[in-house]
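Q: Take a look at this one; I'll ask things after.
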Amino acid sequence: QFSGLLGTVYRRGNLSFTRDGNSLLSPVGNRISLFDLKNNKCETLPLATRLNIVCVGLSPDGSLAILIDEEGAALLVSLIGKCVIHQFYFHKPVHSVRFSPDGKKFVVTKDNLAYLYHAPGKKREFNAFVLDKTYYGPYDETTCIDWTDDSKCFAVGSKDMSTWVFGAERWENLIYYSLGGHKDVIMACFFEENSLDLYTISQDAALCVWQCDTELDGLKPMPPKDAAKKKKAAEDEEELLEEPKGEEIHGKADPSEQETRNKVKYSRVAKYFFNKEGDFNNLTAAAYHKKTHLLVTGFASGVFHLHELPDFNLIHSLSISDQRISSISINCTGDWIAFGCSGLGQLLVWEWQSESYVLKQQGHFNSMVSLAYSPDGQYIVTGGEDGKVKVWNTSSSFCFVTFTEHNSGVTAVTFTSSGYVVLSASLDGTVRAFDLHRYRNFRTFTSPRPSQFSSLAVDSSGEIVAAGSQDSFEIFIWSMQSGRLLDVLAGHEGPISSLSFNPMKCVLASASWDKTVKLWDMLDSWRTKETLVMNSDVLVVAFRPDGKELAVAALNGQITFWDHENAVQTGSIEGRHDLQMGRKELDKITAKQAAKGKSFTTLCYSADGQSILAGGLSKFVCIYNVKEQILMKKFEISCNYSLDAMEEFLDRRKMTEFGSMALIDEGGGGDEGVAIPLPGVKRGDMSYRHFKPEIRVTCVRFCPTGRSWAATSTEGLLLYSLDSGLIFDPFELDIDVTPSNIHKTLSQKEYTVAIVMAFKLNEKKLIQEVIEAVPSSEVDVVCSSLPDLYVEKLLEFLASAFETSCHLEFYLTWAHKLLMLHGQKLKTRSVKLLPVIQFLQRSIQRHFEDVSKLCEWNIYNIKYVLAISQQRGMKRPAEETPGDEEDSDSDSDYLM
């Protein structure tokens with residue numbers, strides 16, 4: 001099932017910190033990612049909206065979130081259970097959503113209205129969203145919301161350059177109040193802490209400070225209707241009985257003046273401008289921390305300012321990128337500031353006091369093209385059309401290194417067998433090798449004549465590098481050690497589409513558009529060993545992990561399987577109908593007709609070689625059983641209708657007598673327009689073209705551990721993994737195997753029998769309980785008496801237990817004894833057991849890296865303490881003076 005989204009960290013919408021301030025919610029397309037900044041981990045929630053998310057509202061207790069997409073469809077999500085509680089449709093695009101500080105209500109703004117809803121409570125309700133009040137006032141679209149600290153009032157900013165203050169309840173002296181004073185769209189409004197004083201910020205980088213003559217406690221509740229009528233009658237009677245008192249007669253007051261006499265009044269006490277220069281004039285985002293009075297503003301040029309209010313003192317002015325800052329958020333302590341740039345897909349968390357990055361992540365600017373797993377499955381490398389090569393950690397989901405040496409799009413990436421060298425091929429005519437120890441480009445392979453490389457392969461030893469050209473129809477072979485060009489393989493009559501080395505032999509398979517697959521023997525003067533002729537242009541070729549079978553995908557939609565030793569076809573799969581193409585908005589033909597010309601563009605065998613993954617220009621990834629040649633499952637990688645080619649049939653609501661509404665290209669407008677407008681253009685660049693990216697799968701790869709697979713798509717890098725915790729999957733179960741019998745056997749100290757019974761029931765917690773009950777002195781005996789069938793299962797369990805358990809030495813003892821006692825028998829089944837061994841190696845390697853860092857730090861500290869103590873000992877004479885004793889005490893205190 002879906003387990004994570006890498007490669008994309010932010011698309012659009014507002015960022016939100018959780019209640020504790022240690023985690024950040026970021027909208028990524030139609031999904032939401034949760035970044036744990038303390039533990040340096042990222043998690044994508046297993047839920048999705050129908051379209052891209054544009055605004056996120058987080059409840060004050062951090063348990064609920066409201067996600068609203070482009071068309072106004074909302075999901076109420078539990079962040080504790082990570083599931084959807086309720087769905088609601090607002091019928092129109094929503095601009096912002098905000099919970100009240102007490103968590104009882106929330107405000108949604110759409111069009112020129114503000115809607116106040118009762119927030120879903122702790123108790124079960126038939127309808128989670130109950131409308132309380134609708135507020136009218138602004139003449140143009142509303143843009144932002146802010147609440148007072150006691151949830152009595154809220155302010156709404158509008159595109160009509162006004163800000164409106166509304167009462168959440170009907171207050172006698174404040175129903176609504178309109179504030180002007182700006183010459184551009186209101187981008188943000190903020191109440192001061194425990195006050196009705198207000199700050200408003202407009203797009204032309206102007207800040208107005210509004211002071212209120214009434215405190216929050218001064219708001220009077222509206223009296224009941226009967227009481228109001230009696231009060232008015234009494235006032236009229238008093239007026240008639242009252243006698244004039246000489247010069248103090250003012251005449252009858254104007255009704256409107258009398259009405260406003262006891263009302264709340266606002267006055268503008270200051271107006272500030274952020275920067276008079278044109279570059280910074282277009283303010284795009286702002287956030288305010290009430291306790292520290294810190295105002296953060298972001299601009300279209302990528303610059304952000306930190307000011308202290310109300311005096312408007314500039315603290316910082318820095319540039320984080322050359323793209324517009326789309327969203328800003330400050331955590332509860334006021335230490336960390338999150339910035340999102342939708343143009344670059346960039347997410348930054350900045351600690352302003354120490355001036356350092358807490359988080360700095362950016363996805364590929366254009367779509368990802370290829371990916372590869374490291375041999376232990378711990379890292380994934382991706383290459384994109386933006387020319388960048390990024391390496392991601394699968395456990396934390398973060399990118400930890402980016403290589404930018406390529407000048408054009410990267411077409412293929414791969415790891416060597418050591419796992420410490422990454423190779424990438426590019427359209428700029430180079431193949432580059434990167435070192436993951438020193439993070440540098442240590443080899444650059446080039447061809448005698450400039451060529452655009454479209455495919456890449458490296459042999460199992462990591463010594464021979466091969467790259468296929470798409471313009472000269474040749475394959476270039478280099479030596480990794482020397483960097484020299486060893487040979488140029490000619491023979492194909494069309495562009496080289498794919499290369500693959502046999503994992504067990506030094507044989508290279510090359511696929512081409514000339515309808516052939518050629519097999520080259522690297523040890524026999526690089527001669528063509530065999531030529532396999534196909535019925536159609538060949539797009540991709542892949543060897544089975546044991547090297548005994550070759551899979552080939554062609555342009556006619558077929559996947560064929562070959563015994564390459566004897567040049568005999570062993571099977572084929574007709575996969576064209578399984579792709580299930582979607583219809584693009586501007587297509588003239590139906591999806592069914594379009595699918596006839598489509599095919600798989602990427603193939604990959606599973607770690608055990610029994611299944612094959614296939615993907616192409618579709619939202620589906622198919623997994624086939626190779627032996628039976630049948631479709632086992634189809635994975636829908638995206639349900640985001642903001643992408644093109646998602647729907648099978650055209651939406652008739654978008655059809656007119658002149659054609660599809662998609663043909664009408666609307667201008668960029670104010671929000672999505674250019675940062676610096678052209679001369680005479682008031683609302684962005686009207687030549688701006690809007691387009692929908694098409695859904696496609698560019699590359700699929702299986703993890704060497706066999707527990708997950710990854711796909712690069714328009715959405716980003718998607719990870720799918722086994723989740724055995726939710727499934728009851730017993731193994732050779734009989735009537736006597738029950739939890740009570742297992743506990744009984746365990747109490748009798750029959751450990752081997754208890755372990756076998758626990759594996760038969762296949763409950764992970766029960767297995768863990770049984771294994772941890774075995775004394776460490778008995779591990780050797782239990783391992784030697786364990787049946788061969790359960791050794792493999794126990795190794796797999798140990799590998800998964802290493803990831804979560806703190807009993808490191810205990811589990812290492814188990815792994816060591818098992819491998820020492822059963823090593824020879826396991827070696828005979830090495831191909832089948834390879835994924836399990838790699839999974840175990842990855843888990844141990846991860847702990848080794850963490851513990852070795854800690855040990856190195858401790859060794860350094862001990863050496864430092866010894867050096868200091870020796871230095872003190874040399875200086876100190878035989879008789880110590882009282883002063884020296886005091887010094888030594890202070891030094892020891894300092895070291896402690």
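Using the three backbone atoms N, Cα and C, a Cβ is placed for every residue, glycine included.
As listed in TrEMBL for this protein:
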- 221-260: region 'Disordered' (REGION)
- 242-260: compositional bias 'Basic and acidic residues' (COMPBIAS)
- 361-402: repeat 'WD' (REPEAT)
- 403-444: repeat 'WD' (REPEAT)
- 489-522: repeat 'WD' (REPEAT)
- 531-563: repeat 'WD' (REPEAT)
- 762-866: domain 'Small-subunit processome Utp12' (DOMAIN)
- 875-896: region 'Disordered' (REGION)
- 881-896: compositional bias 'Acidic residues' (COMPBIAS)
Q: For the repeat 'WD' (361-402), find every same-chain residue at least 6 residues outside the stretch whose CB is under 8 Å from a CB in it, and list them.
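A: Result: 4-9, 40-44, 344-348, 408-415, 417-419, 422, 424, 426, 428, 432, 434, 436, 439, 693, 696, 698-699, 701-705, 707-708, 710-714, 716-717, 719, 803, 838-839, 841-842, 845-846.
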Q: I'd like the per-state residue tally for the repeat 'WD' (489-522) from DSSP, helix first, then strand, then coil.
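A: Counting residues per DSSP class in the repeat 'WD' (489-522), I get 0 helix, 19 strand, 15 coil.
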Q: What counts of helix, strand and coil residues does DSSP assign across the repeat 'WD' (531-563)?
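A: Split by secondary structure, the repeat 'WD' (531-563) comes out as 0 helix, 20 strand, 13 coil.
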Q: Taking only the residues in the repeat 'WD' (361-402), give me the average pLDDT of this model.
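A: Average per-residue pLDDT within the repeat 'WD' (361-402): 89.
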